[in-house]
């Protein structure tokens, strides 16, 4: 029993140390959340965002991804962000607070996008977790389906999509849907993502109309 206790204790310590490292690093670099490192790592590998691009950031609060996106898109770019939670203003980011699952919020978001096509859709959305897989997974899959639907409505030809997905029921079917819509789809597990988490990021490039 003592061995098991030590193992559990050291696992906890490692996790806390890991979390603390990224939290401190985020504070040091002025990021609002440790999630900023996830999109930074994806950007480093996949080069999704370039100067002058228009980016939609879904599930944006507290703003870590938007901070990275607006810096990459530059003065001539545009970042439109949405979250059900409030978010303190970020210079260069057009933020809409509302529940993305509601039609009126989607309509308001589409109005902000306007007639111009979007170059990149980012989604770090996740439901409030209950701890019950049979409840959480369908909720999570519903959100990523909505994000993919957003791509179909606003994404420019050859546009890009990066979305957080939780592995489990519905994952393979969703992966198939993304592959049908994009030329290339890669699965990423950023270093800053907790090892025990079922989250992965699908990075899709080359949107096919």
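Note: Cβ is positioned from N, Cα and C throughout, glycine not excepted.
On a predicted model such as this, the values are computed, not experimentally measured, just so you know.
Annotated S-adenosyl-L-methionine binding in Swiss-Prot involves 63, 65, 99, 124 plus, out of the candidates 46, 83, 136, 149, the residue 83. For the binding-site residues shown (83, 99, 124), fewest C-beta neighbours within 10 angstroms: 99. Residue annotation for S-adenosyl-L-methionine gives 63, 65, 83, 99, 124. The furthest Cα pair among them is separated by 18 Å.
Cβ-based crowding with a 10 Å cutoff singles out 65 as the top-ranked of the recorded positions 63, 65, 164.
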